[in-house]
Amino acid sequence: FEEQCRRELGNVCVNTPGSFVCQCQLGFRAEAPACVDVDECVESPVVCDGQGVCQNTLGSYKCVCRPGYRGNGTHCEDENECVLGGHRCDSNARCGNIIGSYFCQCYQGFSGDGHSCFDVDECAVNNGHCEHNCTNEPGGYSCRCFSGYQLDQDGHNCTDVDECSALNGTCEHICINTRGSFQCSCRPGYQLHIDGHTCVDIDECKLQNGGCSHTCTNNPGGHTCHCSPPLLLDADNLTCRNVTSCKLRNGGCEHGCTVRAEGRVQCHCRTGWKLGEDMRSCVDVNECGDFTNGGCEQLCMNHAGGFNCTCREGYKVQTDDPTKCQPVCDPPCQNYGVCVAPNSCDCPPGYPGVGCSAICSPPCAHGGTCMRWNKCLCPAGWTGAGCHTAVCELPCANGGRCVGPGTCQCPSDYTGPQCLSPLCTPACQNGGRCVDVNKCTCTAGWQGARCQIEPIVCQKPCKNGGVCVGLNRCRCTKGFTGSLCDTAVTTPCVPPCQHGATCSPHNTCTCPEGTAGLRCERL
């Protein structure tokens, strides 16, 4: 019986009265009286999910995975050859995994089937669209420009570099930009050095004396011709001629030129100048250099062709005579005072202050002006020797005191601009008027020292037993209110009226027919 149950495979034989039963493991099926192997490959054809071949085993099964898949014996899953390294893609290709396999794709710039990739020479076709030079590189290419050009942002076209825009292209004088380069040139009177950048002065005097008929002097970038006296350089700046007229270079004179009767040129100078030793140029005359000091009272300042008189510190030039100096007083002398020395005034009597100003002691108050010794000119509203006394055009009454222009200080019993209004303390009440110090005149009916006692007068009589207790004021009896006690006080009925009864004043109910009781509660 144990052989029928196949105990060696883990099945169990259980004895029963007169027989036995097999308890079969997973992978077996009980078919009396034994355990029979289950063929999972037949009963479950998709057990390997189509990713492998199913092979039945005793009590189980196994999946033999197809190429591109891997598994644990009972299950197959896709194998990622790109990650595990089981592919044959070229090093210049991309590996892409697909279910059960993979593919190879050459990188951009390479061609081939992915297993073998070769570099594409982009420069072989239309120069790689480069304007100048194309350089092939593994998997790509790059454009390069000729010397003197720079590559544009598009990476293909070239733009000329303006070398002259930076440091003048290292040229000493003039830089001229050209396509792909630049050239240096020099200003007139110079020639370009062999280094192509530096400019060297041309000595024109070494070439036929610079064209001069007499003496040639070389200058940086040019030259100058000179003549021996009395000859004069002609208008061509090259030839020397005898001077017989003022028309040629003003006869060689710096200032004025005159032709004498004998045909000789006579030079003369403007005022403040004198002829030099060459009898042509003019030399400044130093008017301040002799004993007269140029006629200046204090300081003489010479300048080309003239001079100026100036003064020492504390003095200034007189307006009516520019050779004379007068003292300066700061502040200036007032009130007919005379400045006799720097900051020193000769003042008339009564004005001993600085700058011949008047002095008032004590000083003028309230903006007054000191006119002369202790004499003030007061502003409007003030008077007195020192402008201390206020002026009130309307006099202060009832003992009031003028304390400012048009301002009265009143005693405690009066008020108002002129202290004409008496005061009542405490004030009159109920429309009363203060007519004298602490004396009130009351309106009709009011009495008392401050009109505080109310009259007992009611123009309309009080109603419903009310009593007049003041001016048009009634004291009402219970149950009535209002200024004339003509309004009944309505109070709620508590507890409320029943069966539709009406609540009357004074907490009473008016019962409808058929009801009775304090609150009409009985029928």
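A Cβ is built for glycine as well, from the same backbone N, Cα and C atoms used for every other residue.
Database features (TrEMBL):
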- 37-77: domain 'EGF-like' (DOMAIN)
- 78-118: domain 'EGF-like' (DOMAIN)
- 119-159: domain 'EGF-like' (DOMAIN)
- 160-200: domain 'EGF-like' (DOMAIN)
- 326-357: domain 'EGF-like' (DOMAIN)
- Cys329-Cys339: disulfide bond (DISULFID)
- Cys347-Cys356: disulfide bond (DISULFID)
- 358-388: domain 'EGF-like' (DOMAIN)
- Cys360-Cys370: disulfide bond (DISULFID)
- Cys378-Cys387: disulfide bond (DISULFID)
- 420-452: domain 'EGF-like' (DOMAIN)
- Cys424-Cys434: disulfide bond (DISULFID)
- Cys442-Cys451: disulfide bond (DISULFID)
- 454-486: domain 'EGF-like' (DOMAIN)
- Cys458-Cys468: disulfide bond (DISULFID)
- Cys476-Cys485: disulfide bond (DISULFID)
- 489-521: domain 'EGF-like' (DOMAIN)
- Cys493-Cys503: disulfide bond (DISULFID)
- Cys511-Cys520: disulfide bond (DISULFID)
In three-state DSSP terms, the structure that Cys434 (disulfide bond) belongs to: strand
Rounded inter-Cα distance in Å - Cys520 (disulfide bond), Cys476 (disulfide bond): 31
From Cys347, Cys360, Cys370, Cys468, Cys503, the disulfide-bonded residues whose CA lies within 10 Å of that of Cys378 (disulfide bond): Cys370
Integer Cα-Cα distance in angstrom, Cys347 (disulfide bond) to Cys339 (disulfide bond): 9
Sparsest-packed of the listed disulfide-bonded residues (Cys329, Cys387, Cys468, Cys485, Cys493) - C-beta count within 10 angstroms: Cys468
Local Cβ density at Cys360 (disulfide bond) - other Cβ atoms counted within 10 Å: 21
In the chain carrying Cys476 (disulfide bond), residues 6 or more apart in sequence that have Cβ under 8 angstroms from it: Cys462, Asn464, Gly465, Gly466, Gly482, Cys485
Subset of disulfide-bonded residues (Cys329, Cys356, Cys360, Cys434) lying within 10 A of Cys442 (disulfide bond), CA to CA, in sequence order: Cys434
Folded-back contacts onto the domain 'EGF-like' (420-452), same chain, C-beta under 8 angstroms, at least six residues removed: 397-398, 412-414, 471
DSSP three-state assignment for Cys356 (disulfide bond): helix
Residues in the domain 'EGF-like' (160-200) grouped by DSSP into helix, strand and remaining coil: 7 helix, 16 strand, 18 coil
